[in-house]
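Colleague: There's a structure below that I have some questions on.
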Amino acid sequence: MSQPAATPTGPAGTVTVRVPAKVNVQLSVGPLRPDGFHDLANVFLAVGLYDSVSATRAEAPLLTVSGPDAAQVPQDRTNLAARAAELLARRNGLAPDVHLHIAKDIPVAGGMAGGSADAAGALLACDRLWGLHTPREELLALCAELGSDVPFSLAGGAALGEGRGEVLTPLEVGGDFHWVFAVAEGGLSTPDVYRECDRLREAAEGGVPEPVAHEPLLAALRAGDTQALAPTLRNDLQPAALSLRPALAETLDTGLAAGALAALVSGSGPTCAFLAADADSAIRVAHALTASGTCRAARATSGPAPGATVV
Ligand code: ATP
């Protein structure tokens with residue numbers, strides 16, 4: 001039997017994994033279920049904003065975080081990356097004695113699945129550090145135990161997430177799409193945004209339809225056609241995010257006025273996502289957003305990006 005390929009380890013046997021943020025190009029939210037969750041039709045696209053998670057053998061569990069938003073990230077066992085390491089260790093009868101370091105570049109509580117990215121990164125880094133080489137399907141199942149968005153962070157590319165978002169079907173994407181992300185001052189809590197969504201729907205007339213993937217959107221992704229994708233973008237959580245953070249409307253308008261083809265709140269927000277015609281247009285939109293003062297920072301990038309990758 002052939003041996004699994006050795007994973008390159010850095011100084012002191014460190015394994016580093018780079019893991020992307022995501023934007024939901026479609027986020028359709030079904031009615032509130034009795035268990036408190038919602039069924040989703042969630043089209044994820046991984047984009048080129050990354051966290052890096054490094055795992056190094058240690059005497060006891062330790063977690064550190066660097067980056068401008070490090071102070072907003074829990075540096076104890078509640079961190080999703082630490083929980084990922086504990087889960088993998090427990091399943092394999094190991095002690096979770098590892099130093100995890102997160103170099104954080106994904107906005108915190110920004111609707112871009114930063115915590116999920118770190119969980120997927122930690123799982124892969126520890127798997128390689130401990131020489132486990134867990135089969136991909138098992139890693140994806142562990143990711144789903146950690147959170148609805150974690151399997152996609154491992155997988156990357158583009159995928160349809162159903163159920164709570166964790167039942168993934170990879171999607172074909174025919175080209176790169178250019179995006180700008182306007183990062184807001186302060187985050188929004190995902191559970192708060194879902195609660196506000198339910199509250200707004202209770203107040204409105206009519207039932208909530210079962211969520212389904214929007215075929216014209218999938219066709220535009222397959223074709224790599226930005227102009228066709230723009231009018232299909234849709235986020236059912238946007239009214240709730242705008243209700244909790246009305247100033248986001250101005251951010252969305254600013255990006256559109258600067259030439260973005262479409263604008264939407266990313267996931268539960270408050271990060272706003274703008275689809276641009278090409279890389280130059282994305283840079284112009286990012287400059288206009290930064291100059292407007294309607295966001296803390298604006299970043300131009302593209303997607304699809306690869307999933308969690310050992311570097
Ligand atoms: P999603 O898009 O999946 O709803 P999000 O991008 O809005 O998530 P996160 O950045 O994942 O939000 O952070 C949500 C909360 O999770 C934070 O406020 C923080 O308290 C907690 N958290 C736990 N682990 C992490 C982590 N590794 N990075 C960031 N936040 C974390």
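Every residue number used here counts from 1 along the chain in the order it is shown.
Each Cβ is built from the backbone N, Cα and C atoms, and glycine gets one as well.
Got these off TrEMBL a minute ago, pasting:
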ACT_SITE  LYS22  active site
DOMAIN    79-157  domain 'GHMP kinase N-terminal'
BINDING   PRO107, VAL108, ALA109, GLY110, GLY111, MET112, ALA113, GLY114, GLY115, SER116, ALA117  ATP binding site
ACT_SITE  ASP149  active site
DOMAIN    217-292  domain 'GHMP kinase C-terminal'
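Describe each of these features in terms of where it is and what it packs against.
Modeller: Residue density at LYS22 (active site): 31 other Cβ atoms are found within 10 A of its Cβ, drawing on all protein chains shown.
For the domain 'GHMP kinase N-terminal' (79-157), DSSP puts the residue distribution at 45 helix, 7 strand, 27 coil.
For ALA113 (ATP binding site), the Cβ neighbour count at a 10 Å cut-off comes to 30, with all displayed protein chains included.
The local packing around ASP149 (active site), expressed as other Cβ atoms within 10 Å of its Cβ over all shown chains, amounts to 27.
For the domain 'GHMP kinase C-terminal' (217-292), the model's pLDDT averages out at 97.
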Colleague: Tally of helix, strand and coil residues over the domain 'GHMP kinase C-terminal' (217-292) according to DSSP?
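Modeller: So the domain 'GHMP kinase C-terminal' (217-292) is made up of 45 helix, 11 strand, 20 coil.
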Colleague: Quick check for the class: what is the C-alpha distance, in angstrom and rounded, between ALA113 (ATP binding site) and LYS22 (active site)?
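Modeller: The separation of the Cα atoms works out to 6 Å.
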Colleague: Given the binding-site residues ALA109, GLY111, ALA117, which one's Cα is the least distant from that of ASP149 (active site)?
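Modeller: Given the candidates ALA109, GLY111, ALA117, the nearest one is ALA117.
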Colleague: Please compare the binding-site residues ALA109, ALA117 by how many other CB atoms fall within 10 Å of each one's CB, and tell me which has the fewest.
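Modeller: Across ALA109, ALA117, these binding-site residues, the one with fewest Cβ atoms within 10 Å is ALA109.
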